[in-house]
Amino acid sequence: MEYHNVSSVLGNVSSVLRPDARLSAESRLLGWNVPPDELRHIPEHWLIYPEPPESMNYLLGTLYIFFTVISMIGNGLVMWVFSAAKSLRTPSNILVINLAFCDFMMMIKTPIFIYNSFHQGYALGHLGCQIFGVIGSYTGIAAGATNAFIAYDRYNVITRPMEGKMTHGKAIAMIIFIYLYATPWVVACYTESWGRFVPEGYLTSCTFDYLTDNFDTRLFVACIFFFSFVCPTTMITYYYSQIVGHVFSHEKALRDQAKKMNVDSLRSNVDKSKEAAEIRIAKAAITICFLFFASWTPYGVMSLIGAFGDKTLLTPGATMIPACTCKMVACIDPFVYAISHPRYRMELQKRCPWLAISEKAPESAAAISTSTTQEQQQTTAA
C-alpha cells in the first residue's frame with residue numbers, strides 16, 4: 001500500500017507555519033490563533049487548510065448544545081428510573097444503567113467543544129484536549145463493550161432462560177471488566193507512551209492520533225480499531241443472530257406441536273405476556289446496538305483512512321461528521337428504551353405523569369389465576 005507523506009502534501013512545512021502565512025488577511029489557516037508552544041500538539045495535516053467560516057463553528061457549537069441537553073435529560077431519566085424503581089433493579093438492568101452512564105458522561109466533555117467552537121479553534125489548548133480525549137475514549141470503548149455484554153445477556157435470557165440468568169455479582173464483574181478493558185488505551189494515549197490525544201477537524205475536538213505517518217501510530221490504530229470496534233461488533237452480531245434463529249425455530253416448533261394437538265396455541269397468557277416483554281426488550285437492545293454500529297463505523301473508517309489510506313480525503317469538514325454521529329447516538333439511546341422497554345415506560349409514567357405515556361401493566365400470573373378461579377366457580381354454580 002502506498003502511504004502519503006504529509007510533508008509531500010504540505011510542500012515546505014516551515015512556510016506553512018510562518019506567522020505571515022498563517023495570518024494572511026485574505027485566508028487564515030487553521031491554527032493561526034494557536035500559541036507556538038501549542039502548535040506541536042496539532043497534526044501538520046490540519047494546518048494546511050483554511051480556517052472555516054465563523055458561522056460553521058457557531059452552528060456546530062449550537063448543535064452540540066442541543067445534543068448535550070437532550071442526551072443528559074434522556075440518559076439522566078434512564079439512570080434515575082432504573083435505579084429508583086425496585087422492579088427495574090435487576091442484574092440485567094445494571095448493564096442498561098451503565099450504558100446510559102456512558103452516554104451521559106460522553107456529553108460531559110462537550111462544553112470543551114462548545115467553548116472551542118465559539119472561540120474559533122483550539123481555545124482550551126492541550127489540557128482541554130487531554131480531558132476531552134480521556135472522557136471520550138473511556139465512554140466510547142465502554143459503551144461498545146457494554147452493548148456486547150447486553151447482547152450476551154439477552155442471548156442467555158431468551159435462549160437459556162433457566163440456566164442463563166444474570167446475577168448481581170456477574171453484572172458487577174462485567175462492569176469492572178469493561179472499565180479495565182478501556183483503561184490501557186486511555187492511559188497509553190494520555191501518557192503518550194503509545195499513541196496520543198490530538199485535535200482534529202476544526203481543532204475544536206480531540207481524539208487519538210491517526211495521522212502521524214509512522215509504524216507506531218499505524219499499529220495503535222489497527223489495535224484500537226480491532227479491540228474497541230471489531231470485537232464488540234462481532235459479539236453483538238453473533239448473539240443477536242442466535243436470538244433471531246432461536247425465536248424463529250421455537251415459534252415453528254410450537255406451531256407444529258399445536259397443529260398436531262388441534263389447538264390454536266400452546267402458550268398460556270402469562271407465557272405470552274412474558275415472552276412478548278422479553279422480545280420487546282431484545283428489540284430495544286438490537287436497535288441500540290445497531291445505532292452503536294451505525295454511529296461508530298464512520299469514525300472507524302476515518303481513522304483507518306488516516307493511518308493507512310489517502311489522507312487528502314480527510315478534510316476538516318468531513319471529519320466533523322463522524323464526530324457528530326457519535327454524539328447523536330448518545331441522544332437517541334434513551335428514547336429507544338422509552339419506546340420499547342415496557343417496565344421502564346410504566347415507571348416513567350408513574351414518576352412523570354405529565355409526559356402522558358400510555359403503558360398498560362402486564363397481565364400477572366396472580367390476575368390470571370384469580371380470573372380462572374372465578375370462571376370455575378361460576379361454572380360450578382351453574
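Think of each number as a place in line: the chain as shown, counted from 1.
A Cβ is built for glycine as well, from the same backbone N, Cα and C atoms used for every other residue.
According to Swiss-Prot, the protein carries these features:
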type     : residues      : note
DISULFID : Cys129-Cys206 : disulfide bond
CARBOHYD : Asn12         : N-linked glycosylation site
MOD_RES  : Lys327        : N6-(retinylidene)lysine
TOPO_DOM : 1-56          : topological domain 'Extracellular'
TOPO_DOM : 82-93         : topological domain 'Cytoplasmic'
TOPO_DOM : 119-132       : topological domain 'Extracellular'
TOPO_DOM : 153-170       : topological domain 'Cytoplasmic'
TOPO_DOM : 196-219       : topological domain 'Extracellular'
TOPO_DOM : 248-283       : topological domain 'Cytoplasmic'
TOPO_DOM : 308-315       : topological domain 'Extracellular'
TOPO_DOM : 341-382       : topological domain 'Cytoplasmic'
TRANSMEM : 57-81         : transmembrane segment
TRANSMEM : 94-118        : transmembrane segment
TRANSMEM : 133-152       : transmembrane segment
TRANSMEM : 171-195       : transmembrane segment
TRANSMEM : 220-247       : transmembrane segment
TRANSMEM : 284-307       : transmembrane segment
TRANSMEM : 316-340       : transmembrane segment
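For the topological domain 'Extracellular' (119-132), the list of distant contacts is 30-31, 33-35, 38, 41-42, 51, 54, 57, 109, 112-113, 190, 197-199, 202-206: same-chain residues at least six beyond its ends, Cβ to Cβ under 8 Å. The candidate set comprises the disulfide-bonded residues Cys129, Cys206. Of these, Cys206 has the most other Cβ atoms within 10 Å. Residue pair the residue listed as 'N6-(retinylidene)lysine' / Cys206 (disulfide bond) shows a Cα separation of 13 Å. With pairs at least 6 apart in sequence, the transmembrane segment (171-195) and the transmembrane segment (57-81) have fewer than 3 Cβ pairs within the 8 Å limit; the two do not touch. Each of 133-152, 171-195, 220-247, 284-307, 316-340 was scored by its Cβ pairs under 8 Å to the transmembrane segment (94-118), and the highest score goes to 133-152. In this chain, the transmembrane segment (133-152) touches the transmembrane segment (284-307); three or more CB pairs sit within less than 8 A of each other, excluding pairs fewer than 6 residues apart.
Neighbours of Lys327 (N6-(retinylidene)lysine), defined as other CB atoms within 10 A of its CB across all chains, total 24.
Summarised by DSSP class, the composition of the topological domain 'Cytoplasmic' (153-170) is 10 helix, 0 strand, 8 coil.
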